[in-house]
Amino acid sequence: MSVTVVLGSQWGDEGKGKLVDILSAEVDICAHCAGGSNAGHTIVVPVGPEDLRVPFAPQWCLLNPACTGLIGSGVVVHLPSLFSELDALAAQGLDCTNRLFISDRAHLVFDFHRIVDGLKEVELGGSWYHWDNQKWIGPAYSSKASRSGLRVHHLFDDTFAEKFRKLVEGWFKRYGKFEYDTEGEILRYKVLAERLRPCVIDCVVYIHHAISSGKRVLVEGANALMLDLDFGTYPFVTSSSTSVGGVCTGLGIPPKMIGKPIGVVKAYTTRVGGGPFPTEQLNDVGTHLQEVGREFGTNTGRRRRCGWLDLVVLKYSCMINGFDTLNITKLDILDKLPEIKVGVKYLVDGKELSGFPADLDLLAKVDVEYATLPGWNTSIVDVTSCDALPENCRKYIEYIETFLGVPVEWIGVGPGRNSMLIKEVT
């Protein structure tokens with residue numbers, strides 16, 4: 001009677017989807033607990049030639065016909081985007097409408113949130129980049145936090161139109177009256193509500209009944225720990241809880257039901273947009289990681305910033321999330337590097353910091369102390385067992401395990417779904 005959770009341990013884009021793909025074959029329910037369409041996933045559909053991007057629908061339920069998808073209470077949902085996604089999947093032969101449920105407590109994202117997001121950026125002069133990829137997430141969570149937002153169950157309330165107008169007027173007062181068809185949007189959502197109605201459930205009752213009935217539940221946490229609203233590099237973060245705590249609050253389950261939290265770790269470090277990045281490499285190494293690793297955003301197409309693996313960040317992430325095991329991804333991207341560095345200490349004026357600092361001004365002053373490990377200078381893409389990995393590759397993994405005190409259970413050695421090695425954990 002437990003839940004398996006897959007969480008990003010860095011700044012996102014660690015490649016959680018592949019592990020979730022593998023684990024989904026043996027579960028009954030796959031869930032999202034927080035975030036929205038700012039978290040992109042690319043899946044290869046087994047029918048049809050196109051890759052599809054699925055920010056909302058748990059992609060594992062799409063690829064496992066015996067699995068049910070659940071969008072939890074902590075998610076903010078833009079219904080037109082959700083239905084557009086479902087229609088695109090149906091066109092590829094993956095009709096999951098009857099296997100996808102959404103919490104009646106989930107908050108709604110509207111088109112005016114996009115407009116407000118843009119107005120906020122203009123107001124700030126582009127000086128403060130928040131991570132939400134212009135997907136309207138910040139203003140939607142702002143409405144939620146100010147207790148003025150609308151939830152899924154409000155769609156079926158006779159007072160929906162009145163509440164919607166009041167919500168829009170509130171933003172008009174904040175930013176001035178921008179161009180927006182309020183009445184047209186109300187009519188559109190009346191239609192969308194009827195399509196949504198069969199999917200709406202009480203998430204708390206549903207998931208507790210499922211767990212008590214012995215159903216196997218898999219959850220992918222939103223984004224990653226370093227983008228968490230409380231524990232990330234604030235204000236360069238998203239607007240929700242991306243830690244293991246967000247799983248509990250987003251689905252309505254107690255901590256004791258989480259049986260196995262798994263941390264996904266890219267073999268190097270990347271991040272999108274602005275914000276501190278202590279191990280960033282603005283040199284040939286960074287360019288190599290970016291180009292060989294094809295580090296471009298799923299949603300935005302923007303280049304990701306790249307750098308060495310930061311074990312200070314990972315230690316911090318392990319402390320907060322309590323990972324049982326780790327999945328290292330994209331290890332093959334390091335194949336051709338003669339030596340590999342990992343950040344092991346943050347120093348300020350020669351003194352080691354005891355943890356990851358909250359103060360970004362202090363973080364900007366850190367000097368990173370690196371450990372240098374030998375590379376393996378050979379391709380591992382075709383390796384099919386952990387024992388067959390080059391010695392220096394195994395030593396790299398062992399160094400990470402020893403530093404963090406958490407075993408590595410899965411190792412990604414290539415882009416394909418089958419390019420994942422399973423390592424025995426004792």
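For all residues, glycine too, the Cβ spot is worked out from N, Cα and C.
Taken from Swiss-Prot as is:
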ACT_SITE  Asp13  active site, proton acceptor
ACT_SITE  His41  active site, proton donor
BINDING   Asp13, Gly40  Mg(2+) binding site
BINDING   Asp13, Glu14, Gly15, Lys16, Asn38, Ala39, Gly40, His41, Arg147, Asn223, Thr238, Arg302  IMP binding site
BINDING   Thr298, Asn299, Thr300, Gly301, Arg302, Arg303, Arg304  substrate binding site
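Taking the features listed in Swiss-Prot, we show where each one sits on the structure.
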| residue | record | Cβ contacts under 8 Å, 6 or more apart |
| --- | --- | --- |
| Gly15 | IMP binding site | Val264, Lys266, Thr329, Lys330, Gly412 |
| Arg147 | IMP binding site | none |
| Gly301 | substrate binding site | none |
| Arg302 | substrate binding site | Val272, Gly273, Phe296 |
| Arg303 | substrate binding site | Gln290, Glu295, Phe296 |
| Arg304 | substrate binding site | Asp13, Thr270, Arg271, Val272, Gln290, Glu295, Phe296, Gly297 |
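Thr238 (IMP binding site) is surrounded by 27 other CB atoms, counting those within 10 A of its CB over all protein chains shown.
According to DSSP, Arg303 (substrate binding site) is assigned to a strand segment.
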